[in-house]
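Here is what Swiss-Prot records for this protein:
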{"type": "BINDING", "residues": "Phe21, Ala55, Phe56, Glu57, Cys79, Val80, Ile81, Phe112", "note": "5-amino-6-(D-ribitylamino)uracil binding site"}
{"type": "BINDING", "residues": "Ala84, Thr85, Arg126", "note": "(2S)-2-hydroxy-3-oxobutyl phosphate binding site"}
{"type": "ACT_SITE", "residues": "His87", "note": "active site, proton donor"}
Amino acid sequence: MNFEGKLIGKDLKVAIVVSRFNDFITGRLLEGAKDTLIRHDVNEDNIDVAFVPGAFEIPLVAKKLASSGNYDAVITLGCVIRGATSHYDYVCNEVAKGVSKVNDQTNVPVIFGILTTESIEQAVERAGTKAGNKGAEAAVSAIEMANLLKSIKA
């Protein structure tokens, strides 16, 4: 038997956790995610957005939303750009671990849509210019994973 998640968003309820830090990037990621969800038939009323101060706070809020039982998927959006200190490495590692842990603990797909880039230019490219929109890609993954898990439970 093969299991595959369909890209049909009808009747799905999705939460998006988005960092306000680097909002000139995360705002574009959010637009891409919401637009993609709606284009895949997720009702706009079934999309909830939670804003957090920075990427480090994303896993906690994602866990709260995923644990609520109200959502078929949670999308995490943020942007961490390397600076002159090692802070970047700590934040990226902990956020990735945190999001992964939420997946394991809740059995709700929590999609990692957090940019970790070396420069502002790379972030801009991944937020809707040369390299597509990673928020839109995260939305597609959320729909697919939510439907995949539903098909396995059936």
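Cβ coordinates come from backbone N, Cα and C, glycine included.
Quantities reported herein were computed from a predicted structural model and do not represent experimental measurements.
Distribution of Swiss-Prot features across the structure.
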{"residue": "Phe21", "record": "5-amino-6-(D-ribitylamino)uracil binding site", "Cβ within 10 Å": "18"}
{"residue": "Ala55", "record": "5-amino-6-(D-ribitylamino)uracil binding site", "Cβ within 10 Å": "28"}
{"residue": "Glu57", "record": "5-amino-6-(D-ribitylamino)uracil binding site", "Cβ within 10 Å": "19"}
{"residue": "Cys79", "record": "5-amino-6-(D-ribitylamino)uracil binding site", "Cβ within 10 Å": "29"}
{"residue": "Val80", "record": "5-amino-6-(D-ribitylamino)uracil binding site", "Cβ within 10 Å": "24"}
{"residue": "Ile81", "record": "5-amino-6-(D-ribitylamino)uracil binding site", "Cβ within 10 Å": "17"}
{"residue": "Ala84", "record": "(2S)-2-hydroxy-3-oxobutyl phosphate binding site", "Cβ within 10 Å": "6"}
{"residue": "Thr85", "record": "(2S)-2-hydroxy-3-oxobutyl phosphate binding site", "Cβ within 10 Å": "8"}
{"residue": "Phe112", "record": "5-amino-6-(D-ribitylamino)uracil binding site", "Cβ within 10 Å": "19"}
{"residue": "Arg126", "record": "(2S)-2-hydroxy-3-oxobutyl phosphate binding site", "Cβ within 10 Å": "22"}
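His87 (active site, proton donor) sits 11 Å from Phe56 (5-amino-6-(D-ribitylamino)uracil binding site), counting Cα to Cα.
Take the CB of the residue listed as 'active site, proton donor' and look out to 10 A: across all protein chains shown you find 11 other CB atoms. Packing around Phe56 (5-amino-6-(D-ribitylamino)uracil binding site) is summarised by its Cβ count: 18 other Cβ atoms lie within 10 angstroms of its Cβ, all protein chains included. Each residue contributes its Cα atom, and for Val80 (5-amino-6-(D-ribitylamino)uracil binding site) and Arg126 ((2S)-2-hydroxy-3-oxobutyl phosphate binding site) those atoms are 12 Å apart.
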